[in-house]
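Heads up, the thing below is written out as structure tokens.
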Amino acid sequence: MKKEQVLNCQFSQWYPRFKKLSIRSVVIPLPENVKDYLLDDGTLVVSGREESPGCSQRDLNSTAEDEVQWSDDENTATLKAPEFPEFSIKVQEAINSLGGSVFPKLNWSSPRDAYWIALNSSLKCQTLSDIFLLFKSSDFVTHDFTQPFIYCADDSPDPNIKYELVLRKWCELIPGAEFRCFVKENNLIGISQRDYTQYYDHISKQKEEIRKSIQYFFQEHIQYNFPDEDFVFDVYKDSQGKIWLIDFNPFGEVTDSLLFTWDELRRSWNLSDVENEEQDCPTFRYTNSEVTVQPSPFLSYRLPKDFVDLSTGEDAHKLIDFLKLNRNEQDEDSD
């Protein structure tokens, strides 16, 4: 895998070409100070919105959760979350233009490993503070920032990356309708059930129809239209049978191979299964009823140090920020 292949899978690189096949999205350049904040281990969240000037009744009635001060014998310091007013306005305008709820991601990754920390246990975001909470809790997002070329074989200097916040219109996608597709030398060699930890009866019953519809979609819209010969793409098959393009990923270890192994994907001649007699038909792997349902691969991400600090009170700054976020959400609901 080469660095150029990783760069080609950035959302803003492929979305303009395949826009009509995918979910409506908005891309916003990520300011350097926002990137620094997301990588900072200090403050957990920010308000994500500008407060109106003047003194309101809520200001007068603010509790210890709203104005927290740390004092010693000689001085007093006020804990204040950082603000990004211009960026916040752009983000909120984009969210509103996409219907009020979005699915956020960076150039490559979404914070799928951090969904559990959100108040709604979902990646559905309506404010910048929702996005910040997920991003600062996600190892996947941190990887985008710090190790995007970790598995690349070329020794050339790492290219300069212009980081972007990607906001996708929120859609209620059924996990059992998502599939990952593996392409080698511009040939679709394998399809895997995306949520392989669960058994879905409809996949078993419709396996041939699913395989053929994805292969047709690939041949009509994707094949020879992506800059690389080897790549991975994700699709969603809706209730009407329409295939939607969700994402592109590099062909290599940085991408989860799901029900395949990377060794067999590289040796594509070794993929054929008993049921697949057509030479040019991709191998389709899915979880069948005989296989024991597996735990979610994201379970290992559910107890980061930030969460332990919150639960034990060892990091007072993060605890106060979390309380502030809850208070802000409650105040907005009452407005």
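Glycine residues also receive a Cβ, built from the backbone N, Cα and C atoms like all the rest.
Bear in mind that the values here come from a model prediction, so they are computed numbers and not experimental data.
According to DSSP, Lys105 (ATP binding site) sits within a strand segment. There are 26 other CB atoms within 10 A of the CB of Lys105 (ATP binding site), with all protein chains counted. What Swiss-Prot lists as ATP binding site is Lys105, Trp108, Ser110, Arg112, Arg168, Lys169, Trp170, Cys171, Glu178, Arg180, Arg194, Asp234, Asp247, Asn249.
The Mg(2+) binding site annotation in Swiss-Prot covers Asp247, Asn249. In this structure, Asn249 (Mg(2+) binding site) is part of a beta strand by DSSP.
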Neighbour tally for Asn249 (Mg(2+) binding site), based on other Cβ positions within 10 Å of its Cβ: 20
Least surrounded among the binding-site residues, given as Glu178, Asp247, when other CB atoms within 10 Å are counted: Glu178
All-chain count of other Cβ atoms within 10 Å of Trp170 (ATP binding site): 20
Distance from Lys105 (ATP binding site) back to Asn249 (Mg(2+) binding site), taken between C-alpha atoms, in Å: 14
